[in-house]
Structures are given as C-alpha cells and as structure tokens.
Amino acid sequence: MIGNKNEGLSITLGFPDGDDYDNKKKQSVYRIWKRLSSLQRSLIFLVLLLCGISAIYIFPNLRQSHTTNTDQVDTAIRDEKDSIQKLVIKKDKEKADFIASLKRKHAKHQIDDLMKKVKNQNGNVAPPVKARGHGEDNVLLPPDDQKEQALNNDARLDHGNEDEDSDKDDNVDGQLNHPLKTVDNDFKVEQKENSAVYDYFSPYRKHSSRQTALGLTIVDGIDTAIIMGLKTEYEDARTWIQNDLDNVFKEKATDIGNRMLPCFNSPSKVPYSDINLLTGKAHAPRWGPDSSTSEVTTIQLEFRDLSRITGDKKYEKAVDTVSNHVHNLPKKNGLVPIFINANTGHFRNSATITLGARGDSYYEYLLKQWLQTGKTNSMYKDDYKEAVDGMRSQLVRQSEPNKLTYIGELLGGRSFSPKMDHLVCFLPGTLALGYINGMPEEHMDLAKEMMRTCYEMYNKMPTKLSPEIVFFNQAKKSKDDLFVKPADSHNLLRPETVESLFYLHRITGDKIYQDWGWQIFQAFMKYTKVEGAGFSSINNVRSIGNPGFRDKLESFFLAETLKYFYLLFEDSIDYLSLDKYVFNTEGHALPIYSQ
C-alpha cells in the first residue's frame, strides 16, 4: 500500500515485520510475488527498470572516471618530467649564454685592441674592410662599423660549423754595398738612381694603418725588424746576437756556411740531407737513403750570396755543381720527383711529383736564381719555363662546381690526385714575379686564378684560416669545391698565401689583395693569438668554438708571415724594390747582382 505520511511519500510492500517476518522468512518468493497487487508489481518493475537504466549510465562513467584519474596521474608525471627537463635545458642555456658572454667580451677586447692599434698616431683609421662573403659585390664597411662587423662574424659566439706537417726548405745595381759598422748607418739603402738615401729607421717614416698592427722577435725575424723600421728591436736583437751568438752577421754566416759544406761530400755532389754541425759528419736521413729535392735545390741563393759577401767562391761553386747536375737529369715535362739519392745522384722515379712539400721551392729557385744573377744564366730561365708548361699540362685542374683553378699531384709520378698543400700557394707570387720579368702572359693569368683559389682555402673555412692540405672536388654534382680531411685541418701560420698576395698587389696595384690579406690577418689575430704569449698554430680550422692551440710557434711566422703582411700593406712600389732584391724561400731579401 501507499502511505502518505508526514515524512513524505512512502511505499509499503506488505511484508510482515518483526518476529512475524522471521517466522515466515522461508516462505516461497513466488507465493510472496503472487500476494502482491498489480500496482505493487508495476512499481517494482519500474524501480528495477530505473535501476537498470541508471546502471547503464553509472558504471561506464565510473570506469571512465577511473581511467581519467589514471590518465591524470600519467599526465602529471609527464608534466613533472617536462618541467624538470625544461629546468635542465634552462640551466644549460644559462651556462651556454654565460660562456658565450665571456667569449664575446674576450673577442670584443681583442678587437678593441686591434682597432686601436690600426689607428695611426695622427688619428687616421684603417682603410675600409670588406664584409665577409663569397661574391665580388661585398659591401665595403666604413671603419666605425668594422668592430661590429667583426663581432657579428665571430663564429665562436653564436653560429658557424663545428667540426702533414711538412718542412719548407728553406747589391744594388750589381755592386755589393757593405754596410758600415755603426747601427745608424747599417740600413740606409739607395733605393734608385738620383734618389735620397732610404733610412729604414727614420723617425719620419710613414707606416700604413694596417702595417702598425704587426709585431716580431729575434734571429729569423731580425730583417723583419729592419723592414718595419723598429730600431729599438733591431738594436736589441743585434746586441743579443753579438753577445750570445759569438759574432755578428757576416762572421756567423761564414761559420755556418763552412759547417754545412761537408754535406756536399757525397759521391754525386748532391748534398746529404743531415749534418752534425759540431762534428761535420753528413749522412742520409734515418728513414731512407734519399734527400728531398727541395732541400738540395733551395740553398743556391744563400750560398751564392755568401760567396759575394765573403769573396770566397767555394760556396757558390758547391751549389752550382748541384744545379748543373739536376739540370741534366731526365724530367717529366720539366717536373721532378720529390726525392733524390745523394749517393747515386738520381731521382727516385716512383716518387710523387708535387709543388707541395719536398718539391715546392725547387721551382721557386729556378726563377729566382735567374733573377739573382742578373738574368745572365739562361739555364735557370729555360728550366723554369719548361716546368711551368709542365704544370699547366700535367697538374692544373678546375674544381666543381665553381671552377677554382688548382695544382694537383702525380702520385708515383703517374696518377693524378686533386690534393693541394697550402705550401703550393707560393706559386701565384712566383708566377707574377716571372711575368714582370718577361715570362708569357698566361703565367700571369694562372697566377691570378691560383691566387683566388688560395684565398678561398681561407675564406671557405669557419675560422677564415686555411688548413694544411685540401682536396678539390672533381665530380660534376659536387656541392662545394673543396673538402678537408680531419688529419689535415690544422694551421701552422704558414706564409705562402700572404707572400703571393704581396707580389700580386705590388705588381698589379689591385687593392683586393690587400683586403684579402687584411681578412686573413684578422683571423690570425682572432684564433691564433695567445694573450701575453705570442701566437700558436692551431689544430682545427673548421672548429670556431675550439680550434685548439698546438703550443708551437714556427719561426717562419715571424720571418715570413708577418713580414709579408707588412709589405702587403705598403703602397710604395719602391719600398724593397723587386728590381733590386729577390726574396729567398724564408722571406729574407737578398740583393740582385749583375752576374
């Protein structure tokens, strides 16, 4: 029955309650159901139906709620991990930003110092510098923007790409003018006819703004001090040599020349590569029976000059014998292997033909001996011209895709290799020097093409410094013209490219060669300068973040690289005139004689 009580609507199913229910609890469910009225049964069905409907909606929601709770836990864990990761990344970024800030401050300090040095004493600033790029239409930056440009291009800061040591062998108008013994008169040189005496140490000498950015040290660089007009440094060096090296220049040169002469006491008169300067015992190198071709053919300028200074012909006679012997040996289109046996006097025919290590200065000295002797010995000129013709037919190639002209090698004297040492970059300067002394115009064309290639060996590297060796791509679909092997990526502060830039600028007057040189000099300052300790060669020119100091400074950096930088930035063609002086392979200026 349905009761309407004060509490509200209630439903009574008619079950007995209390003890009466307990007595009848075993009564059949069916009988109980039969006792219910139709209304009661309908209500029961309605309640069950409602419960069923509720179950249909409630249970899935409960499961979904459980799943949702699990998902929320997983999401919370992931969010926590993300938060931790973001925190780590943030800390790493803060650390990287801090390091980058230190690097930027350090780079800015170096650049500030450099720009101050580049300003001359009259307040004039350096000539404009081209912005970095590969095209010919690079924008010339005004001096005030150079520092900002340098910072923006400092690949060590925020952008850029990460990534064989071989030895180079080393008066006026036909009359040798011996300098007086006084310091003040040592280097006042007559530059040309009817001109005033040139005083290298004159306080009124003018230096270009780029020249003022250089420096140097003692024996190998003493003539660099003279050329730069650094009188105090020269006097200090001279005093050191006089006190600590026993004698001054002429006597010491004679002593060393005499100590080296036993090298020529081989059966063929081709000098041995090694000698003990104390005992005078000469011998072939420990690694084999041969001398390097460049070793035995790159002492001629020096020994000939020593004979002219001392009046003793024995030095010149010794090297002339070697030159005549090599002249008569068979060659491949004027090209020579890089090894020669001092005992037999013959080339090693299976040796590589290259203008790089162990071969380079043989070709350089063919031209320069002809010039040193006042162009009187045509043997040197003929051998040089034949060699250049051989280079053009056997070794010259162009890279892909930009057609950079380069000089390859003949492995075993036969198989072409697209490998080129940085040492080969002496060639543009030598070719240009030959051109102004009567060599064919195609020599100058090749000089300009090769000069561009040598510059690109610097320009294409992240540090803007050249590696020791590059390989050029020959495939038509190559993406870049050259590539560098990890073992070849070091830079030894070599002078060859700067040397050739000097010759090309001196001969053509084109300022582009000064601009290229200035870019290279700035890269040396940025990546190889050691604060308070000079300069160091580096391990990897492809790494702007960690080029890696090798803790080694070759003397040729002082004797040649810095000297040629200085001469490159000199605009006067009369300064160390190429008509009066010839530079040996170590960058020392020797007078040209009339015979």
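Cβ from N, Cα, C; glycine included.
Sequence annotations record features per position, and here TrEMBL assigns Ca(2+) binding site to Thr585. There are 24 other Cβ atoms within 10 Å of the Cβ belonging to Thr585 (Ca(2+) binding site).
The compositional bias 'Acidic residues' annotation in TrEMBL covers 161-172.
Marked as disulfide bond by TrEMBL: Cys425-Cys454. The Cβ of Cys425 (disulfide bond) lies under 8 Å from the Cβ of Met450, Cys454, Met457, Ser466, Glu496, Thr497, Glu499, Ser500, each of which sits 6+ residues away along the same chain.
Annotated region 'Disordered' per TrEMBL: 121-183, in sequence order.
The feature transmembrane segment is assigned by TrEMBL to 43-60.
Other C-beta atoms found within 10 angstroms of the C-beta of Cys454 (disulfide bond) number 27, with every protein chain shown included.
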